[in-house]
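Quick look at what Swiss-Prot lists:
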type   : residues : note
REGION : 1-24     : region 'Disordered'
REGION : 622-643  : region 'Disordered'
REPEAT : 83-114   : repeat 'TPR 1'
REPEAT : 117-142  : repeat 'TPR 2'
REPEAT : 150-173  : repeat 'TPR 3'
REPEAT : 198-229  : repeat 'TPR 4'
REPEAT : 234-257  : repeat 'TPR 5'
REPEAT : 306-334  : repeat 'TPR 7'
REPEAT : 341-368  : repeat 'TPR 8'
REPEAT : 373-402  : repeat 'TPR 9'
REPEAT : 407-435  : repeat 'TPR 10'
REPEAT : 442-470  : repeat 'TPR 11'
REPEAT : 513-545  : repeat 'TPR 13'
REPEAT : 550-579  : repeat 'TPR 14'
């Protein structure tokens with residue numbers, strides 16, 4: 001089809017009758033889009049949106065001088081419509097009713113008649129709806145259409161992205177935004193027609209190109225620029241938040257600094273609050289609570305899935321997994337195809353040990369959405385839950401291959417290596433995650449934990465410090481920093497980290513039981529400073545949270561031995577051996593405690609009494625410790641969603657074991 005440049009009728013050359021109407025200039029652009037050279041920022045229609053070039057918008061805004069609508073808006077009266085407008089409405093309605101052959105048939109005719117770039121844009125939209133991106137690109141790049149219309153340029157670049165021609169798309173869009181040379185003038189045009197500015201959409205598309213070229217720094221800047229150009233460009237905001245390209249503080253700063261000046265006070269508060277729902281749930285709790293309350297007060301929004309999901313996120317951070325499941329289940333009952341809910345829902349099921357539900361959900365997702373990355377994440381989490389690690393790894397890998405930007409899949413893949421002690425592969429996978437998701441602290445945290453397992457304390461400290469620089473509100477991170485300080489014999493720093501971790505747990509977690517190991521770590525640090533009373537208090541706190549922890553009983557016994565109170569030490573060592581009869585350290589300490597006790601209370605009498613007590617306790621070897629899980633704070637998003645809490649338990653519990661030393665003060669790791 002050859003695009004003809006024919007003269008349109010006088011009706012197509014006009015503007016709305018009321019020239020003071022705020023969309024008058026925009027509607028003029030619909031009629032006669034400005035001719036522009038290649039990305040000429042001084043002569044562009046990039047400040048407009050596709051609303052401007054919609055035939056429905058034009059007819060709706062084309063009013064008479066007294067403000068009454070023209071009779072052309074009456075669908076039953078089309079006598080006064082020109083042939084071109086009649087064809088445009090026909091094409092548009094066919095497109096809205098998914099009658100794409102009809103829309104293409106009519107669209108080709110109106111383009112032949114008018115040669116208007118806007119008609120070319122809508123015909124190309126029809127081709128895009130059928131997945132024929134090559135044909136759409138061919139149409140938009142002939143006759144220099146993309147140089148005459150920003151809408152055509154944007155859509156041509158979009159087609160090239162869909163065709164994986166990254167360099168071609170970048171050539172059309174430009175490596176940087178050419179329209180931002182005069183920011184003051186640009187800001188005046190933000191709300192010209194109420195839609196999303198094409199300039200913002202092109203910035204977003206430029207970010208997509210850089211993302212696929214693995215240039216994440218440039219991609220991040222493009223997404224941020226898209227939002228600064230037009231705060232309504234939600235796609236750019238979602239890329240920044242869901243892919244963790246910004247730190248938690250950077251996310252909040254961006255939302256607060258967006259240009260809301262062109263909105264009313266109420267609309268600005270509404271949009272800002274909507275965006276806040278997507279941000280990190282640990283920092284800025286007061287602002288988040290106010291945003292939730294404001295949106296909940298709006299009639300109908302209390303049922304919004306985004307608002308409910310925000311509440312579920314907050315509960316997940318507080319380890320209230322049953323409450324999380326109640327909310328996510330409610331959302332899925334309303335909309336079972338809301339895939340954004342599944343990462344959090346699956347993580348909570350894993351935390352709760354719901355193997356059967358994970359199995360059913362995984363099968364359902366495989367049947368309904370085999371092409372989605374979250375489907376294979378669900379399968380991987382199920383296999384992780386039943387301890388089939390190799391199968392879990394395979395499906396995590398499949399999920400990350402289908403969507404390379406899907407954070408939970410990458411972290412689950414890395415965790416599967418960590419569980420089996422394959423540290424090199426785990427480090428490689430975590431490093432990839434750190435490169436992809438630059439704004440989240442979790443990959444650096446896991447890298448530090450891996451190097452600590454390998455005994456590389458200096459490297460572990462570097463990664464943990466990098467993690468802390470990104471996010472300071474994760475108690476697990478603070479615990480690990482304390483362990484590093486302990487291993488460097490910096491006991492006061494270790495105590496500070498452990499105390500800060502426990503304060504944060506008290507503030508943000510409803511379930512403190514998983515953090516018994518941190519109390520034990522604090523007790524060990526106090527013991528090393530010979531602050532024995534403080535050590536016993538901390539260890540007893542850990543014992544209250546985890547009554548069946550043999551390590552804590554052994555640690556308390558060790559402190560009592562230091563205090564020369566062998567009788568109480570023996571009592572706790574009996575408890576330890578009753579829980580874990582094969583505990584070598586407890587057995588050795590018991591022998592020493594018995595020897596020391598015999599010197600003060602009579603060797604012969606005490607010897608047989610204590611030996612009888614040990615025998616009695618060792619008969620209780622069938623006692624089982626409770627299965628503990630330590631969930632992590634959820635970052636913007638759902639990078640880990642605690643897909644592998646077993647790894648975290650291994651590290652957390654090993655902290656107490658690693659920090660146990662014998663009575664002379666030498667550290668003896670018990671793994």
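Even glycines carry a Cβ here, placed using N, Cα and C.
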May I have the DSSP-based helix, strand and coil counts for the residues of the repeat 'TPR 10' (407-435)?
26 helix, 0 strand, 3 coil
In the repeat 'TPR 1' (83-114), how many residues does DSSP put in helix, strand and coil?
29 helix, 0 strand, 3 coil
May I have the DSSP-based helix, strand and coil counts for the residues of the repeat 'TPR 8' (341-368)?
26 helix, 0 strand, 2 coil
